[in-house]
Amino acid sequence: MKRNILIHPDPRLKKICSPVVDLTDELRQLADDMLETMYDAPGIGLAAPQIGMLDRLIVMDCVKEEGEAPRPLIMFNPEVVASSDETNVYEEGCLSIPEQFAEVTRPKIVDVAWIDRDGNAQRETFDGLWATCVQHEIDHLNGKLFIDYLKPMKRQMITRKMQKLKREQARE
Ligand SMILES: [Zn+2]
């Protein structure tokens with residue numbers, strides 16, 4: 001089932017999410033719904049708080065090449081366990097901040113540990129877009145948005161645009 005994506009500013013996007021201690025069927029269903037919502041948007045990553053659920057859960061799939069098999073990832077309690085000194089700059093966007101993009105600098109390579117959909121511990125090294133995406137999504141679990149990396153003026157400008165967008169949506 002597709003879920004509604006919250007638009008910034010929203011207090012739920014600023015919350016620290018709780019670790020998943022019991023991997024229930026409800027949480028698995030939530031993860032599946034998040035993937036469906038993400039693909040439908042379309043997007044390459046989605047974090048639980050973006051649909052109003054304050055659990056440490058993210059989903060992503062950064063496969064972009066036409067014809068390449070999709071690689072949906074479901075991560076409970078994802079954690080960056082190591083990151084490179086080398087950085088990368090990507091023009092980031094966010095499904096909670098539609099049509100706004102800005103360059104963000106992050107570590108180029110990160111090791112991430114998480115619990116998968118079956119409850120197994122996983123660990124993998126991510127590079128390039130995958131690394132940027134996983135860091136962006138994990139930030140969401142700590143109440144942090146990509147615009148928090150921008151200079152205050154730029155951040156305020158984007159926030160005002162989003163407030164206007166939400167007012168327009170509310171009138172529809
Ligand atoms: Zn985002």
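Backbone N, Cα and C atoms are what each Cβ position is placed from, and that goes for glycine too.
Features reported for this protein in TrEMBL:
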ACT_SITE  Glu137  active site
BINDING   Cys94, His136, His140  Fe cation binding site
> Within 10 Å of the Cβ of Cys94 (Fe cation binding site), how many other Cβ atoms can be counted across all chains shown?
Replying inline: 26
> Under 8 Å Cβ-Cβ from His140 (Fe cation binding site), six or more apart in the same chain: what's there?
Replying inline: Leu13, Cys17, Ala47, Ala48, Pro49, Gln50, Ile58
> Same-chain residues six or more away whose CB lies under 8 A from the CB of the residue listed as 'active site'?
Replying inline: Gly45, Leu46, Ala47, Ile58, Val59, Met60, Met75, Pro78
> For the recorded Fe cation site formed by Cys94, His136, His140, which further same-chain residues have Cβ atoms within 8 Å of the site's Cβ center?
Replying inline: Gly45, Ala47, Gln50, Glu92, Leu95, Ser96, Glu137, Asp139, Leu145, Phe146
> When you measure from the Cβ of His136 (Fe cation binding site), which residues in the chain that are at least 6 apart have a Cβ under 8 Å away?
Replying inline: Gly45, Glu92, Cys94, Val104, Arg106, Phe146
